[in-house]
Amino acid sequence: MGYLELIVSCIFVNNILLAQFLGNCPFLGTSKKMETAVGMAGAVVFVTVLAGTITWIIYHQILVKFDLVYLRTFSFILIIATLVQFVEMFLKKMIPVLYAGLGIFLPLITTNCAVLGICVINIDEEFTFSEAVSASLFYAVGFGLALILFAGIRERILLARVPKALQGTSIALITAGFISLTFFAFRGMV
Amino acid sequence: MLESILVTFSIGAVSGVALSYASKLFYVYEDPLIAKVEGLLAGANCGGCGFAGCSAAAEAIVNDKAPANACILIDEENIREIAAITGAHAGPPEPPSSYNNCSGGKRATDRFIYSGIWSCTAAAALYGGNRDCAIGCLGFGDCIRACRFNAIKMGGHGFPVVDYDKCVGCGACEASCPKTILEVKTLSQRLFHLSSAGDPLAPCSQGCPAEIDIPRYIDHIRNMRYEEALDTIREKNPMPLSCGRVCPHPCESLCRRGIADEPVSINQLKRFVADYEMNSGRRLPIACSPATGKRIAIIGGGPAGISCAYFLRRAGHHPEIFEAMPKLGGMLRYGIPEYRLPKKILDWEIQGILKLGIESHTNVRLGLDFDFCSLVAAGFDAVFFSVGAWKDYNLGIPGEELSGCMTGINFLSRVGGSKPPAIGKRAAVIGGGNTAIDCCRTLIRMGLDKVYLVYRRTRKEMPANEAEIVAAEHEGIEFVFLAAPNKIIADEEKQVAGLEYLAMELGKPDASGRHRPVPIEGSEQILAVDTVITAIGQSPLLSFRGRGNRLDDLNISRWNTFEVEPSTCQTNVPYIFAAGDAATGPALVVDAIGGGRKAARSIDLFLRGEEVNPQEDALLNKPIGESIFPSVPGVRPMGRIGLDEIDVTNRIQTFAEVDLTISERDALAESNRCLSCCRLCYNVDTH
């Protein structure tokens with residue numbers, strides 16, 4: 001697979017949120033305001049690239065070598081959780097500016113299934129190391145794109161006449177469904 | 001089986017060890033107090049305090065950004081413990097509170113018919129909302145829905161009303177409002193807010209140099225809530241008793257009712273509530289913020305100094321006033337005669353302000369009794385100069401040194417003090433300003449046979465207040481217009497025997513639009529007088545400079561005043577501020593009071609270590625264009641209340657106060673003439 005195809009595939013065709021339906025909690029939770037959505041997108045990109053890289057290394061260098069592949073999910077969760085904690089500490093100490101921007105979103109990602117999902121996809125698709133790193137980056141970019149698009153729409157939904165029963169999360173879910181449907185149009189491109 | 005368990009544990013162990021090692025490596029120093037305070041907070045992360053969760057609130061409390069009682073869920077005991085931890089006093093707190101500024105509501109007119117969803121945000125997204133007023137309340141009640149404490153209700157007039165007992169100042173309403181109508185502010189933020197171009201201000205409030213919320217206090221008077229009215233005035237002007245008597249009320253010339261009718265008698269209403277408090281014999285409590293421990297030296301206890309000290313004290317600081325004269329009050333005491341502002345009333349007013357906890361030292365003159373360096377050494381964090389303008393200009397004509405010649409401020413201050421000067425039987429006062437008129441009216445009360453006012457232009461050009469000129473005319477002062485003093489004639493005993501002057505004629509208007517007087521050759525005439533008082537303007541007396549200290553670095557303008565940034569009152573030496581006549585040259589009392597507040601705002605910023613920047617969009621008495629109407633439809637002329645004054649023949653015998661306080665009935669009637677204007681809205685007469 002060429003890298004261009006990989007990029008299009010990760011961002012649009014197999015969008016982690018809208019095609020694979022992973023990471024829906026932050027998708028609904030942090031999309032009420034554009035500002036938070038942008039912060040969250042940044043944090044996800046940052047963490048996913050790190051997590052994707054490290055889990056790929058651990059999987060191939062440790063789990064495969066020692067024939068422990070069945071511990072994949074378990075060890076990935078531990079690794080991601082540790083990593084996020086570590087990154088939070090690191091940023092707070094070394095790069096306070098970045099921490100101020102992403103800080104409050106980092107703990108939210110500890111339990112984000114999109115991050116775990118991307119790490120697992122990297123393994124299932126049998127990506128090489130460089131493919132895994134770029135796939136992690138572009139899946140995360142796809143996540144950010146969907147989140148920011150959705151936040152923009154939700155800010156406008158506030159100004160629309162919505163039947164009482166559908167107000168709030170209900171209309172957000174319906175909207176998410178429509179966006180997902182539009183993303184299905186990318187099917188077949190890659 | 002064993003293998004997988006071992007691996008599981010080892011992964012866990014590695015993660016744990018890595019994390020704990022990292023926490024040793026990447027620890028960030030956090031104040032242990034924050035953790036202690038956080039332990040005492042409710043831990044509910046409710047956001048009721050206005051911060052993002054309890055740990056953010058704890059940090060804010062420790063860093064003095066929030067009071068000890070910021071948390072709305074904990075009881076008094078915890079608040080006391082927190083106060084003990086942070087070392088602050090649990091005493092009177094300064095909680096923020098929501099404040100609605102718009103009074104338009106149902107009076108506001110619509111630009112278009114809006115039938116979208118019932119939400120201010122939605123309406124505002126459509127051309128900024130349907131209301132004519134660009135800043136006013138849209139009335140859909142987003143703030144009411146945003147408030148989690150049920151503290152806001154839609155009032156009967158169609159704008160939100162805040163219940164201050166329930167409001168915790170969380171800021172949810174402010175965040176939900178697409179306009180800037182609801183503001184959550186602390187007491188000192190409110191005191192120090194300068195009127196800005198985006199505020200809902202009536203024309204009168206824009207014209208007031210002290211920026212008092214005039215329609216609000218008149219509304220309180222109308223509803224007989226005199227104490228609230230006084231509180232509203234005192235938010236911007238600490239001296240309603242004095243201002244209610246001597247202010248030439250620039251507000252009234254902008255009064256919207258004045259366009260179709262006579263303006264509302266705003267100043268008489270202010271005087272009415274101020275006198276109401278004084279006559280009730282009970283001082284209303286004035287709220288102050290918790291003590292900050294910062295000390296400010298105020299040089300000069302006139303209106304600017306008193307005003308600055310008052311606002312700093314209310315913001316929790318500790319100002320100390322240093323006054324050269326035997327008593328506080330400055331020009332209010334020594335420049336304004338007894339018949340306009342009785343000393344007894346001034347004393348009562350100043351005493352009330354000092355009672356807030358302001359120290360004062362009188363009979364100490366900077367440069368003679370103490371020097372500037374000693375102030376800095378004594379640990380004052382900032383210095384405020386409000387030394388006034390006490391140096392009279394000289395005419396520069398022969399004979400000014402004769403006995404019987406005096407300068408205006410010198411004369412008035414000696415009459416106002418305890419050593420009235422000896423005067424003759426016939427006097428000439430030179431000048432056309434308020435000081436000259438004050439001198440004339442004082443002289444006539446001292447029993448002189450004849451008092452002349454000599455002015456080089458005509459009555460039309462006189463800078464004195466119209467009301468003062470009229471009163472002087474009634475009291476029998478003789479005006480000699482178009483006369484330029486040439487020399488003062490002496491008799492054998494070096495006493496003044498007369499004033500020789502040249503007749504003038506008006507020439508072309510000069511840059512300021514006033515006609516320049518031109519002398520007529522050979523038109524010398526003599527006024528037979530034995531006393532000559534020159535009152536042709538004053539400038540600050542800056543004799544304390546030139547002693548080789550920091551004061552020599554100050555920039556001084558060519559009018560001999562302190563050069564300050566007009567909106568911050570800061571001089572070129574960052575910790576020195578100046579306002580009042582010392583910075584502006586001779587001006588109104590209310591200008592000095594407004595200046596004192598502006599300076600207090602800057603000093604407060606300075607003391608908190610923030611940058612002393614001018615407030616954005618500050619109006620500084622420039623009117624808001626759209627709020628000044630050419631005509632006011634719907635208003636029927638009904639004439640304002642007259643001025644109660646003592647009969648002329650009686651009043652020139654004594655120094656008793658000339659103008660009398662209006663009765664409660666008149667005050668209520670007059671307050672009902674107020675149109676309760678805002679930026680664009682006003683009430684039309686319906687009856």
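Using the three backbone atoms N, Cα and C, a Cβ is placed for every residue, glycine included.
TrEMBL assigns the feature region 'Hydrophobic' to residues B:1-23, out of the candidate ranges B:1-23, B:116-138, B:461-483. Mean model confidence of the domain '4Fe-4S' (B:29-88) amounts to 76 (pLDDT, 0 to 100 scale). The two recorded residues B:CYS143 ([4Fe-4S] cluster 2 binding site) and B:CYS167 ([4Fe-4S] cluster 3 binding site) have their Cα atoms spaced 12 Å from each other. Long-range Cβ proximity for B:CYS133 ([4Fe-4S] cluster 2 binding site), meaning a same-chain Cβ under 8 A and a gap of 6 or more residues, is found for B:GLY104, B:ALA108, B:PRO200, B:CYS678, B:ARG679, B:LEU680, B:CYS681. Candidate binding-site residues: B:CYS71, B:CYS137, B:CYS177. Nearest to B:CYS167 ([4Fe-4S] cluster 3 binding site) by Cα distance: B:CYS71.
Within the set of binding-site residues B:CYS54, B:CYS71, B:CYS147, B:CYS170, B:CYS173, the entry lying nearest in space to B:CYS137 ([4Fe-4S] cluster 2 binding site) is B:CYS173 (CA atoms).
For B:CYS147 ([4Fe-4S] cluster 3 binding site), the nearest neighbour among the binding-site residues B:CYS54, B:CYS71, B:CYS177, judged by Cα separation, is B:CYS177. Between the C-alpha atoms of B:CYS170 ([4Fe-4S] cluster 3 binding site) and B:CYS177 ([4Fe-4S] cluster 2 binding site), the distance comes to 14 Å. Of the recorded residues, B:CYS54 ([4Fe-4S] cluster 1 binding site) and B:CYS177 ([4Fe-4S] cluster 2 binding site) place their C-alpha atoms 25 Å from one another. A gap of 18 Å separates the Cα atoms of B:CYS173 ([4Fe-4S] cluster 3 binding site) and B:CYS71 ([4Fe-4S] cluster 1 binding site).
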